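Remarks on the structure that follows.
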Amino acid sequence: MTTLPTPTPVDTRQCLIEAGLACFAKYGYDATSIRLVASMAGKNSSLISYYFKNKEGMYRAVIQHLLTRFTTRPAEGWSSAPDFSDTSEEGIKRKLHALIRRILMEVDAHFKSSDPLRNAAVRLFLSELQSPKDEVKDLLREKMVFSICEIRECIRAIRPDVSAADIDFWGITLQGCCVCHALMAEINGLVWTSVDPNLSIEVMADRLTDFVFSGLRRPERPREELPSH
């Protein structure tokens with residue numbers, strides 16, 4: 001009789017994490033229990049206490065796994081971090097283009113993969129972006145901080161006169177443009193019925209670069225003073 005190999009601790013822990021990802025994504029954090037995760041994984045619930053201590057520890061491990069498994073950089077066509085040493089207008093625009101292109105590629109690669117857990121990962125990740133839980137805020141911040149610093153530096157190179165608050169406002173705007181185009185293709189096609197569904201990342205990067213660069217280069221008009229009564 002053939003004897004099946006005994007699962008290793010790594011296999012067991014991984015199985016629990018993947019079951020946790022599926023449960024948290026489908027039922028939400030509050031409705032997911034340790035017993036539910038253990039049942040989906042086909043494991044004893046005591047193993048969750050052994051590996052993760054409690055539900056909060058398991059959730060943190062799931063998010064950490066999600067950020068590692070679904071946010072690795074795409075190998076093909078990847079461009080490294082932009083260099084801001086060239087301060088000429090064309091140099092800055094090239095770096096803005098490289099940054100926008102990279103964000104588009106990252107989002108496209110993460111959320112259009114063939115990974116069987118992709119849909120669950122997308123749902124869970126988007127819920128955390130909307131309302132991050134205290135247990136994982138540091139993980140999300142750590143994952144995003146490098147990209148945020150690059151965006152700030154790029155905007156500062158284009159508009160050195162604006163305040164830190166304005167830099168962050170325009171950074172959020174830039175990030176939102178990229179994510180909306182790369183992530184929301186299906187809903188965009190439903191409501192923006194004339195959009196080209198086959199638009200390549202290269203074309204999107206070109207258009208968004210022109211849009212963002214032109215907008216940032218144009219000084220804001222001073223607000224008109226309200227008439228006195």
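Placement of Cβ uses the backbone N, Cα and C atoms for every residue, glycine included.
A quick note: this is a predicted structure, and the numbers were derived from the prediction, not measured.
According to TrEMBL, the protein carries these features:
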DNA_BIND  33-52  DNA-binding region
DOMAIN    10-70  domain 'HTH tetR-type'
- request: By DSSP assignment, list the helix, strand and coil residue numbers for the domain 'HTH tetR-type' (10-70), in that order.
  value: 48 helix, 0 strand, 13 coil
- prompt: In the predicted model, what is the mean pLDDT computed over the domain 'HTH tetR-type' (10-70)?
  reply: 93
